[in-house]
């Protein structure tokens, strides 16, 4: 591991002798020291002979045992298709090297008694907390109803609500994005009236919108509208051929609209001269064209695969999946920087453009979909996606993870000019998706306890899970450091030898007041979901109630500073002052993501379980295909 990485295995140090192999000298010395009759043995030649025999026998047993221990990498294919363990044994010095190689420590495991004790503790804790969290969950549902009531009253059918102006605005192509983004949230919450109102609007108005509207963005339309329709189809029982559990139209209405929309969006792929789609589609003409600068965002072209794969599964028509997966298959062949990629890519040439590497805007969900598409298609021939994900996370740890001063918060920075350029200690709020993605990649949706019990976690998994927990804390501190308790869009960090300097977040009691800098242009809050998304995933995986408590603090801040009495919630201009200046915009993702993740954070693990669903980047749950067949 690189010396420049301010994060090492020392942070995940397991010091339990039960899971550590001992050396030959340790075994022999312990045998000698614990032998109550050692002095008597040494007094006679027979005793000396027996002692030597004992030592020889112990040495043989230990060495034989060492030869039987397989290294962690055994069974992992090398480039030539052989296995590492086999290649060692085929060389003349193989046995000799195995003799001297220090066997790896096994991942920590819980004893049966510890497992029973911990399960009992968790169950008792859940019983005590249940009424409190049910009440808090209801508060989130009430907030959702309040947000929907403002939208329904002043902006029904528009993409977004302007809650202060009491009007709607179409900023996403005019397909009624809030209606569709909110629908599956309402289904999950059991808000039947909202389900009926949203579903009825889709049945009556969406077909003509799809047929008649003009330019839309491929990425935004796919994740919000196509993803929302497919999730609603599943949650209403459509793909399981059962009677809908929710009010509203027949499930087939959602699938028909999804297919009609996707057929038009496909032109972004088929019109491009490369495997990289154009960024924009004209729906009524079934035509597509690149953005004004001719480039597409890497994150955008690589964040449509979950939706198109699922549509192919539902319709039996492979064309959707084939076109979407060409993107990732192509990116696989391109040169990368330790698995990391620039944030722009050209549909004309198929090559990356520029050197800017970051996990914020235009880069974020590329990394998210590598692991999620692999999970969705687990058991198929998409294993290369997992390899790309593993390589990318190693690159993140090596090149982008740093610690702040003076208090050592771990954060993820940027390389605006590539690896050879300078490091920027800038972290978008969007990067706070990463803790949840790291946790999901480590346990594959299982709880940490179950994954450990079944010995499924490697040391790398454990290290990534620890990094996820540390980064989640950083994301929460970005909220706590401000006067309002709400995060800015962008934060900077002071680092050793490169103090940014600049204004703080306003909360003078925060321990991290001098670690985090919030520049005037970055102080706005758009009601974003990334932090609460990661808190939800980490709570489901670790069971640690601190993630619920942190989520509740964030929800209370939203309630206090962004709620509009007449209906809806508003984004803010400045989170560092009280009262904060308000922006007059309720983004669709506040209903589709932020409130959904908060609701699920306070629910039990049987509601949309992580080992059966993947959430698209707009929080629309999509069933894992290989397990739903």
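Here the Cβ of each residue, glycine as well, is placed from N, Cα and C on the backbone.
Keep in mind that what you see is a predicted model, and the values were worked out from it rather than measured.
Features reported for this protein in TrEMBL:
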ACT_SITE  220  active site, proton donor
ACT_SITE  364  active site
ACT_SITE  489  active site, proton donor
ACT_SITE  530  active site
BINDING   617  Ca(2+) binding site
DISULFID  432-475  disulfide bond
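Positions of TrEMBL features highlighted on the structure.
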{"residue": "220", "record": "active site, proton donor", "Cβ neighbours (10 Å)": "19"}
{"residue": "364", "record": "active site", "Cβ neighbours (10 Å)": "25"}
{"residue": "432", "record": "disulfide bond", "Cβ neighbours (10 Å)": "29"}
{"residue": "475", "record": "disulfide bond", "Cβ neighbours (10 Å)": "27"}
{"residue": "489", "record": "active site, proton donor", "Cβ neighbours (10 Å)": "19"}
{"residue": "530", "record": "active site", "Cβ neighbours (10 Å)": "24"}
{"residue": "617", "record": "Ca(2+) binding site", "Cβ neighbours (10 Å)": "26"}
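Considering only the recorded positions 432, 530, 617, residue 220 (active site, proton donor) has 617 as its nearest partner by CA-CA distance. Among the recorded positions 364, 475, 489, the ones whose Cα sits within 10 Å of the Cα of residue 530 (active site) are 475, in sequence order. Residue 617 (Ca(2+) binding site) and residue 364 (active site) are 10 Å apart (CA-CA, integer value). Between the CA atoms of residue 432 (disulfide bond) and residue 489 (active site, proton donor) there is a gap of 11 Å.
Residue 475 (disulfide bond) is 11 Å away from residue 489 (active site, proton donor) when you measure Cα to Cα.
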